[in-house]
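Copied from TrEMBL, the annotated features are:
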- 39-330: domain 'CDC20/Fizzy WD40' (DOMAIN)
- 85-126: repeat 'WD' (REPEAT)
- 169-210: repeat 'WD' (REPEAT)
- 299-340: repeat 'WD' (REPEAT)
Amino acid sequence: DYNEQCPYSLSPVSIKSQKLLRSPRKATRKISKIPFKVLDAPELQDDFYLNLVDWSAQNVLAVGLGSCVYLWSACTSQVTRLCDLSSDSNTITSVSWSERGHQLAVGTQHGYVTVWDVAASKQVNKLQGHSARVGALAWNGDVLSSGSRDRLIMQRDTRTPSQVPERRLAGHRQEVCGLKWSPDNQYLASGGNDNRLYVWNQHSSTPVHSYSEHMAAVKAIAWSPHHHGLLASGGGTADRCIRFWNTLTGQPMQCVDTGSQVCNLAWSKHSSELVSTHGYSQNQILVWKYPSLTQVAKLTGHSYRVLYLALSPDGEAIVTGAGDETLRFWNVFSKARSQKENKSVLNLFTNIR
């Protein structure tokens with residue numbers, strides 16, 4: 001009875017289905033395969049353990065190139081040099097903007113961290129204490145966490161005099177290369193070259209969660225801004241997986257093998273999607289839907305592994321950096337949150353605070 005309206009049709013497909021097949025598909029979001037801007041970044045290091053690019057709430061990009069930190073204003077395209085450590089025979093190993101974007105923390109090869117008031121172009125603090133290079137930095141209000149090759153995570157108040165006592169978190173057995181505070185500033189996730197992912201709270205000196213499922217260094221770490229307690233992490237060359245964790249219960253969730261070294265992860269601010277950047281062998285940038293983990297886009301163009309990633313303050317664009325000494329800007333996320341996503345069951349989780 002599939003064709004009762006048209007008994008002489010030779011098609012096994014009913015009229016209704018034919019109509020459906022002919023109707024235009026709901027447009028899936030088009031993501032441009034080419035960057036909308038490419039900047040030269042001479043001396044941008046091809047070192048997996050460093051974090052040399054960050055984009056501020058005030059729309060300024062900070063980049064560590066050799067012994068200098070440069071600032072690029074996305075509004076004016078003006079470039080300024082913030083600092084030069086060559087007189088100290090030192091190099092930049094990490095940069096991180098404070099939440100408001102008025103201060104920049106700079107980690108160095110020698111192990112000290114400097115804090116800069118960017119409007120005044122002035123160093124306002126110098127934090128000693130690490131005995132080796134600082135490759136990872138993460139702000140929580142005025143408190144700065146730093147992760148080092150000396151295996152320690154230090155948490156220090158950047159105000160002078162400091163109002164919060166210093167904390168030292170010892171747990172990693174090799175270099176700390178990933179560090180991110182949760183959106184509510186309650187939990188710190190850290191990844192290391194010991195293939196470990198730890199989650200720390202504000203008070204304890206031991207991790208509240210310890211994950212050993214990754215088979216390679218964990219540099220890529222990102223907390224979901226949409227689902228309270230959801231953490232994503234990515235492993236290096238011997239692992240290649242992105243894993244998802246419910247840190248409220250400690251339970252492991254999805255896992256996807258990406259086929260190459262995972263260098264960075266970042267969630268969209270507006271929709272339940274995330275972007276990952278990769279190394280050997282394709283040096284690609286992938287955009288995923290969550291929780292289905294369907295791939296929305298694959299972007300290529302870097303000729304070295306895509307070691308650096310930052311999200312624009314409006315949440316629409318990303319910048320990627322690589323040892324090919326280029327910074328590439330891509331439009332990957334849509335601005336508006338779709339109606340459908342607003343009603344999604346996942347977002348019910350957000351209301352549980």
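Glycine is no exception: its Cβ is also placed from the backbone N, Cα and C atoms.
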Which numbers of helix, strand and coil residues does DSSP report for the repeat 'WD' (85-126)? 3 helix, 22 strand, 17 coil
Across the repeat 'WD' (169-210), average pLDDT on the 0 to 100 scale: 97
